[in-house]
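Take a look at the structure set out below.
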Amino acid sequence: MNALHQKCAVCGRFTTEFNYSVLSCNSCKIFFRRLIVRTVPIKKCFRGERCFEKTPYIFKCTSCRFQKCLYVGMTLPSYLLVLEQNKEQRLAITIDCVRNTHNKRMDSLFNFFVTEMNPNVDDIVELNKITYTKRDEHIRMDFQTWAFHSCVTTIDFMKQFPFVNLLRSTDQMILLKESYVKLGALISATRAYSSKKQCISFPDGTDCLPKTQWTVPKISPNLENRIRCRVIDKLRELNIQNDEFYLLSVLLFCNPAITNLSENGQLLLTSYQKMYSSALLYYCLLTYQKSGPSRFSELLGLFTLLGQHYDDIIHYYVLMQLNQSEVELKKLVKDGIEAAYKS
């Protein structure tokens, strides 16, 4: 076919350009480039997500147009990836971006609180912006309040990354539900490790497990100690560095293998997983030289331990229910735990 008669794979306009691995017009190239770096959620499609299935396409639907970009095979541009020609600069930018986002989460966790009374995960995820209120020193924070606030700030942290906001609403919900308890555990354990503490706790020292009403313990102390200490012990064994933690924290939830994701959701997460994993690998090669590949594997092995930690939390939660504990968890905390056996 004559080049003049070829059509953009996304919108069908005539074009001779090839952008992001796909035959695509200049308009769709600019559209894709703008979206892959935005941190503001895309407006949901209210037409059943079929605006680009057949002509005439509805170009005003940002969500469907972006999904079509993914479907036809558009890939992340080289300037977002840690490649041979831009390695050190791109690595520094990537780490700085994650570090700054973590610092914002820490400020929200330590100095603010959320006024919503008892929302569930759907309520929090659907908020375009979470509103925080400055916390006075006299405000009392107990286990229930800290656990809830930690979950809110963790979800908010995840939603600051472009790939989360680019997912379809159903995929976004699946990703966040599957990940925020594990990510919160990694962040809390790293904070404890950096502070040279032996156990996971909340910022004011409140235990990460609730106080129960039982005079005689009904849950194994070994299980409780695993929840409090095992992840920190592994971090200490690895002697994990801050930059490694930053990259791992994003890789933890940038996971295309999560069950029930759509094909487009898997494609998007695969692209960003490649971006962050290549950054971590290059960091390891730069820092540890010949030992870089083995260090990279050791760090990724932490995800297996976090899965076991999550299983322990679920086990603990089930035992609390079986033993009729009087501890009442907030909906958001329960949703994160119950996601494992409701998906």
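Cβ atoms here come from the backbone N, Cα and C positions, even for glycine.
The annotation DNA-binding region is assigned in Swiss-Prot to 5-81.
Outside the zinc finger (8-28) by six or more residues, the chain places 52, 55, 57, 59, 65, 68-69, 72-77 with a CB less than 8 A from a CB of the stretch. Look at Swiss-Prot and you will find 8-28 (among others) tagged as zinc finger, backed by sequence analysis.
Note on the zinc finger (45-64): mean pLDDT across this stretch is 86. Per Swiss-Prot, zinc finger is recorded for 45-64 (among others).
Positions annotated as domain 'NR LBD' by Swiss-Prot: 101-339.
Secondary structure of the zinc finger (45-64) per DSSP, as helix, strand and coil residue counts: 3 helix, 0 strand, 17 coil. For the DNA-binding region (5-81), residue counts in helix, strand and coil come to 24 helix, 6 strand, 47 coil, using DSSP.
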